[in-house]
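Novice: Would you mind keeping the following structure in view while I ask a few things?
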Amino acid sequence: MPKREDIKKVLLIGSGPITIGQAAEFDFSGSQACRSLKEEGIKVVLVNSNPATIMTDPEMADSVYIEPLDAKIVEKIIEKERPDGIIAGIGGQTGLNITSELAEKGVFEKYGVEILGTPVEAIKNTEDRELFKETMLRIGEKVPLSRAVNSLKEAEDVVDELGLPLIVRPAYTLGGAGGGIARTKEELLEITERGLRRSRINQVLIEESVLGWAEIEYEVMRDENDTCIVICNMENIDPMGVHTGESAVVAPSQTLSDAEHQMLRSASIKIIRALKIEGGCNIQYALKEGDYRVVEVNPRVSRSSALASKATGYPIARVTAKIAIGMKLDEIINNVTKSTPASFEPALDYVITKIPRWPFDKFTTADKTLTTAMKSTGEVMAIGRTIEESLLKAFKSLDIDNQLGNKHWDEPETKTLLKTPTSERLFVIFDALEKGMSVKEIFELSSINPFFISKIKRIVDMEKRIRAEELTPELLREAKKMGFPDTRLAELTGSTRQEISDLRHKAGILATFKMVDTCAAEFEAATPYYYSTYEDSCETNATTDKKKILILGAGPIRIGQGIEFDYCTVHAVTALREEGIETHIINNNPETVSTDFDTSDKLFFEPLTLEYVMNVIEREKPDGVLVQFGGQTSVNLAIPLKQELKRRTDLNTVILGTDPDDMDLAEDREKFYILMKELGVPQPEGGYATSHKEAIEVAKRIGFPVLVRPSYVLGGRAMEIVYDEIDLERYMKEAVRVSHEHPILIDDFLEAASEIDVDAVCDQKDVIIGAIMEHIEEAGVHSGDSACVIPPQSLSPEVLDQVRDYTRKIALALKVKGLINIQMAEKCGKVYVLEANPRSSRTIPFVSKSVGIPLAKIAAKVIAGHSLKSLGYTDEPKPKHVSIKEVLLPFDKLPGADPVLGPEMKSTGEVMGIDYDFGRAYYKAELAADNVLPLTGKVFLSIRNADKTELVDVAKKLQAAGLELMGTEGTVNYLARHGVFMDVVKKVHDGSPNVIDMMRRDEVDLIINTPTSKQSRRDGSRIRRAAVDFKVPYITTMQAAIAAAAAIETMKKGEELTIKSINEYHKEMEN
């Protein structure tokens, strides 16, 4: 039966901002679904709040709404667009929750919208923990003993019934949010309280512990005809007790017997049929010695399905979208082979390993223990012929300093860390084996299958051989087959990476490339992708006559380097393909659009290091390499890559775009300072130091407070505002460790300055400014954590002219070819340049969506040889609407972290609010970031003295809008002197009843708390942490409070929010 003819227009709900538990995998699946529906001639309406996604590009759907993912707003879009159907399972947990809410309210019935694919009943039967348990038991499938509870009293009763430890799983939440493992009654009550608040239906499931059992996942697909296939099975290296998003995962499963595989395969098909899921679905099992329990089912595209897609080459989201419009598996052609139907089960002749990337370098106070709730921000995937090879390649892909064998622990610490899962457990296993601990001992402490421990032992044993023996060509070949990178071999033999590389080439030990083709080479692949290994035959050939360009991707999503850089990579690829250039990508992130099978002409799933990039260059011999689109990861490779290409006279590949030496000039603060002086561009006074003594001298010369940071960092890592000598000494002790022989930079901190961001494209003759952004938070909050607005709201025309002038001067002086981002600050009408980055920036997608011009695409075309004039870009765009970028902070997923902003970046993702005035746009942005500004209720104020003069106006606006105010004594007395009267609430350290008690009773609707001295900072920290834990909107800077008051004032005037697609906003700009 072909596709349904009655479905002409479909609504897709995206997943919103990148957050812990929901990363870029839904951009990848959403983009694939959009293309899949459009192939069938169906009109697509898309709603998503995240501008950094490919799926929100105006050309991805017929109408793209960048609006808050809020049920009321989605209802207005349905009313306006009148779609025939909605597909819920593409937008992750967010999409499912909104679909369920709209169905319950009767919205679909009211507007005649059909839920396509997986029915709401199936969503309920999987997401509602009690219904799920009943369904499984009805079909004879075993689940852990459990009880669904709606209150703390009910939770207490479960302890007597099931004993401890217990697992807590909230209903309808994301990445296990709000859940955890309770080993005591106190822990159970604490986790249950958190879980009930997080759950959409105020329900958590408390279940018996299956800690230590193996965790196995099956990715299954079903169509309306009841045809089912198993796409992939995966095995978690960590046993049950660690969320699958937090565990290292291998595919296919390695320790299952054939009988166990057949048993779980049959159960998977039985489950997907019983639940009547149509499309892709993920089923998780706990397994122990032939016995199993069904842990959970995700009736949607998920993180695991993104991994399964990349592991097998099977486009799960594409097929799911086609099934949703009535197509059958045997009617859908597999796009990788172009000849086999989607009903063929994929076959793998390689091993993949996924390892998560955690943000603990940014959150030193956060609890690093891994549990059933996620804490990682992203992940890498590596492909090899063996587990050892794919594991070593995965570690190399993480882009972290710490590699296997580089870190050591003493014996008591080793035993503790083996028992407790943390982000370092695999490193600890390596160290324990190196010190002689047996596989059996490690298994008994960690419950990790001895099979995996013995594989790590093989790597340890090989390292011992390399240290002890001469590195002969035979041993070198053996080590390379096992996955050892040249850098590690150099460390083990006391030589350099270059010497190892030369030794390899001399012995003819070169990387070969194998294909991922969904069918273990049984059929010819039309759009294959590749991984490197050390075998005899090579499956890639470099035969075309077309010009070839290799683009370096951004690697795993982490704080400071998010999905924005994948967006830039994909845009660059698209632009070059439009020019008839053959494009190749190297990347290792399974969640992204750039690693989709048909984004580029060739995809190489490899670590982003010099060795692996050179392997591809040697094999493919591209004309050029692009490094400016993949964020700091690819920029860091620019100089070493340029040097290596210069050394290799047999290669004619060059780095395209801005010259790496000019990029380096911008990164090197001293050289950049000299250049700015020559151009007559003001900078904050600064200096650099390599010792404590020098640092104190520089700071005294400039005067405290100063901004200190290491050179060459991403996302403000180890950046701080320092107020006195003691603080500076502590910083020097901590920061020198992360600075790699580079000096510490010390700048005058411009207090109370407005920060400005500019994104521009330069072709070495002309410069086009995409937008000037004004930050809402003042200087001192990392630009990646500040909300910003286009067009600027408070900067004078004279200041804006200075900004434009400096942008042009700097771009031309740095000989930029492509993108440049410049950060500036304005104080008392004078503009200072803080830094320039001649590469893609995290604001490129936001600017492109806001002003309607694709900056990354334009930059790629400039690099390919076009001038800005020939492309028709000469004037800075002037939008008629206001766009606000707001960030999403991950504090709710990281117990223990203080939710305060500073110069080190902490946000994981972003949202965008668009309307015709600042107030409505800001209200939308906060709504989209799940920091909903209240229009009624109580506001608690506790403000440091320095901010109190600005507070009066804010307090008056809030009171005039009908909100009730309360605060601590100092704030109350100050406001009373200025005619604003409110109730006094005790400080936290003065005992109860205080604001935390009120939050617990749901008596506070907004917290405005700016941090100050150490004692109050402790109080403030507890208030802010409680606001996160009790889901109370909170504000920690005065500038955000001023913006919030303006938004609340606008909304109270009864102004309607504008519901328009970005396609419509962009059209208005053309007129």
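Glycine residues also receive a Cβ, built from the backbone N, Cα and C atoms like all the rest.
Sharing the feature lines straight out of Swiss-Prot:
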REGION    1-399  region 'Carboxyphosphate synthetic domain'
BINDING   ARG129, ARG169, GLY175, GLY176, GLU208, VAL210, GLU215, GLY241, VAL242, HIS243, GLN284, GLU296  ATP 1 binding site
DOMAIN    133-325  domain 'ATP-grasp 1'
BINDING   GLN284, GLU296  Mg(2+) 1 binding site
BINDING   GLN284, GLU296  Mn(2+) 1 binding site
BINDING   GLU296, ASN298  Mn(2+) 2 binding site
BINDING   GLU296, ASN298  Mg(2+) 2 binding site
REGION    400-540  region 'Oligomerization domain'
REGION    541-932  region 'Carbamoyl phosphate synthetic domain'
DOMAIN    673-864  domain 'ATP-grasp 2'
BINDING   ARG709, ASP748, LEU750, GLU755, GLY780, VAL781, HIS782, SER783, GLN823, GLU835  ATP 2 binding site
BINDING   GLN823, GLU835  Mn(2+) 3 binding site
BINDING   GLN823, GLU835  Mg(2+) 3 binding site
BINDING   GLU835, ASN837  Mn(2+) 4 binding site
BINDING   GLU835, ASN837  Mg(2+) 4 binding site
DOMAIN    931-1071  domain 'MGS-like'
REGION    933-1071  region 'Allosteric domain'
Novice: Could you check which of these binding-site residues, ARG129, VAL242, GLN284, GLU835, ASN837, sit within 10 Å of GLN823 (ATP 2 binding site), going Cα to Cα?
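Specialist: Those close enough are GLU835, ASN837.
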Novice: Give the mean pLDDT for the domain 'ATP-grasp 2' (673-864) on the 0 to 100 scale.
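Specialist: So the average pLDDT across the domain 'ATP-grasp 2' (673-864) works out to 89.
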Novice: Over the residue list ARG709, ASP748, LEU750, GLU755, GLY780, VAL781, HIS782, SER783, GLN823, GLU835, recorded for ATP 2, what is the maximum interresidue Cα distance in Å?
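Specialist: Per the listed residues, the maximum Cα distance equals 18 Å.
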Novice: Once the DSSP letters are reduced so that anything not helix or strand counts as coil, what is ARG129 (ATP 1 binding site)?
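Specialist: Once the DSSP labels are grouped into three classes, ARG129 (ATP 1 binding site) ends up as helix.
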Novice: Just the number: how many Å between the Cα atoms of GLU835 (Mn(2+) 3 binding site) and HIS782 (ATP 2 binding site)?
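Specialist: That separation, Cα to Cα, works out to 13 Å.
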Novice: What's the CA to CA span in angstrom from ARG709 (ATP 2 binding site) over to GLU208 (ATP 1 binding site)?
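Specialist: One finds 48 Å between the Cα atoms of these residues.
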Novice: So what sits near LEU750 (ATP 2 binding site) in its own chain, CB-to-CB under 8 Å and at least six residues off in sequence?
Specialist: PRO684, ALA779, ALA825, LYS827, TYR832
Novice: Which numbers of helix, strand and coil residues does DSSP report for the region 'Oligomerization domain' (400-540)?
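Specialist: Going through the region 'Oligomerization domain' (400-540) residue by residue, I get 74 helix, 12 strand, 55 coil.
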Novice: By DSSP assignment, list the helix, strand and coil residue numbers for the region 'Allosteric domain' (933-1071), in that order.
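Specialist: Secondary-structure composition of the region 'Allosteric domain' (933-1071): 74 helix, 19 strand, 46 coil.
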Novice: Going by DSSP, give the three-state secondary structure for ARG709 (ATP 2 binding site).
Specialist: strand
Novice: Return one of helix, strand or coil for GLN284 (ATP 1 binding site), based on DSSP.
Specialist: strand
Novice: Quick check for you: of the binding-site residues ARG129, GLU215, VAL242, GLY780, which have their Cα within 10 Å of the Cα of GLU296 (Mg(2+) 1 binding site)?
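Specialist: Qualifying among ARG129, GLU215, VAL242, GLY780: ARG129.
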Novice: Could you check which of the binding-site residues (GLU208, GLU215, VAL242, GLN284, ASN298) sits closest to HIS782 (ATP 2 binding site), going Cα to Cα?
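Specialist: For HIS782 (ATP 2 binding site), the closest Cα among GLU208, GLU215, VAL242, GLN284, ASN298 is found at VAL242.
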Novice: When DSSP states are folded down to helix, strand and coil, where does GLY780 (ATP 2 binding site) land?
Specialist: coil
Novice: By Cβ count within 10 Å, point out the most packed of the binding-site residues listed: GLN284, ASN298, GLN823, ASN837.
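Specialist: Of the binding-site residues GLN284, ASN298, GLN823, ASN837, the highest Cβ count within 10 Å belongs to ASN298.
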Novice: Note down the number of other Cβ atoms within 10 Å of the Cβ of GLU835 (Mn(2+) 3 binding site), including every protein chain shown.
Specialist: 16
Novice: Around the Cβ of VAL242 (ATP 1 binding site), how many other Cβ atoms lie within 10 Å? Please give the count over every shown protein chain.
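Specialist: I count 25 other Cβ atoms within 10 Å of it.
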Novice: Under 8 Å Cβ-Cβ from ARG129 (ATP 1 binding site), six or more apart in the same chain: what's there?
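Specialist: Listed in sequence order, they are SER146, ALA148, ARG169, ALA171, GLN203, VAL204, LEU205.
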